[in-house]
Amino acid sequence: MIVMTNWFKKRYLQEIGIFIAMFILTMVNQFFQLDSFTAVFKGLVFFIIIYALAQLHWHFIFPLFWNRKYGKYALISFGALLLGTLILWPVDFFWVEPGILPQENILYVLLYYFVINIASVSTIMFLFLVRQHASQIRKRTEDKLLLAEMNIRLLHAQLNPHFLFNMFNNLYGVSLTEPDRVPQLILKLSQLMRYQLEDGRKPQVKLQEEISFIENYIVIEKERVGTRCEITFAVHARQPDLEKITIAPLILITLIENAFKHSTTASGQSFVHINIQLNGSTLTVAIANSLGDLSLKSGSTGIGLATIRERLELLYAGKYHLDISPDESEFKVVLKMQLN
């Protein structure tokens with residue numbers, strides 16, 4: 001109800017603004033002598049008639065044009081303009097500006113008012129169209145922003161359970177082999193969850209904060225996989241740049257999760273290699289992992305990559321390139337992003 005009231009007030013104020021602007025313009029164009037209250041009043045009456053005709057055209061006749069009923073629109077428009085001419089003629093000719101036009105040639109007089117009617121109504125209609133077009137553009141922009149925000153929230157809702165599920169699985173695995181290390185890992189997990197809850201809702205975080213989050217995650221993963229997986233993690237960037245440049249939170253962790261998840265194998269050695277490089281404002285994340293048993297059977301990387309694709313398209317459309325290249329022995333992902 002409040003939204004409708006605000007919308008009504010806004011449209012009401014716009015209507016008043018257009019009315020006043022066009023009234024002043026009409027009086028100037030019609031060469032009214034603004035030297036008395038009577039002259040202003042006559043000009044106001046003349047303009048109200050024109051404005052009413054324009055409103056009639058806008059609300060009742062112009063919709064025929066939108067509905068592609070062009071013949072009916074042309075016929076009714078001509079009739080409405082002719083009716084407006086017959087209304088304007090006696091008001092202006094005998095009262096507003098008597099004696100300005102010759103009385104001998106009535107057809108010339110009617111043609112004059114017909115042209116005045118067309119010009120005035122067309123000008124006001126043009127302003128109406130401009131206002132409607134601007135309103136449509138604003139509404140489409142607001143709808144896109146709202147949709148993007150809703151999609152991002154939905155993707156966050158999908159990401160959080162997926163992430164926590166993996167983390168608790170990790171803790172369970174460590175508790176079976178090294179229960180004494182569980183308290184320390186729970187502390188690490190609490191730091192990860194705090195980042196998710198507090199910083200994960202922000203539109204942007206420092207790149208250093210996102211990398212620190214990834215480092216904490218890798219610590220827990222190392223405890224889980226032990227010596228069964230060779231893990232390398234390298235960051236090539238200047239520290240001031242990491243503190244200055246920002247990134248959407250939790251945008252990279254899905255790639256890291258997938259690398260560990262799908263490198264797991266029941267037998268043999270696995271590996272996960274992560275390389276992060278920052279050149280100017282261009283971030284390159286290169287990840288390579290061995291193909292674990294699950295990947296060999298399913299050939300799928302789960303919901304994680306689908307989620308990150310959607311988030312990248314929403315947040316970095318036209319500013320990223322994601323290259324995924326699986327082969328028989330390893331799975332490679334290279335993500336390049338243009339950051340702020």
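Glycine is no exception: its Cβ is also placed from the backbone N, Cα and C atoms.
Features as listed in TrEMBL:
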type: TRANSMEM; residues: 12-32; note: transmembrane segment
type: TRANSMEM; residues: 44-66; note: transmembrane segment
type: TRANSMEM; residues: 73-91; note: transmembrane segment
type: TRANSMEM; residues: 111-130; note: transmembrane segment
type: DOMAIN; residues: 151-228; note: domain 'Signal transduction histidine kinase internal region'
Cβ-Cβ under 8 Å with the transmembrane segment (73-91): same-chain residues at least 6 beyond its ends: 45-46, 49-50, 53, 56-57, 61-62, 64-65, 109-110, 113-114, 116-118, 121
Helix, strand and coil counts within the domain 'Signal transduction histidine kinase internal region' (151-228) (DSSP): 70 helix, 2 strand, 6 coil
Overall pLDDT of the domain 'Signal transduction histidine kinase internal region' (151-228), taken as the mean: 77
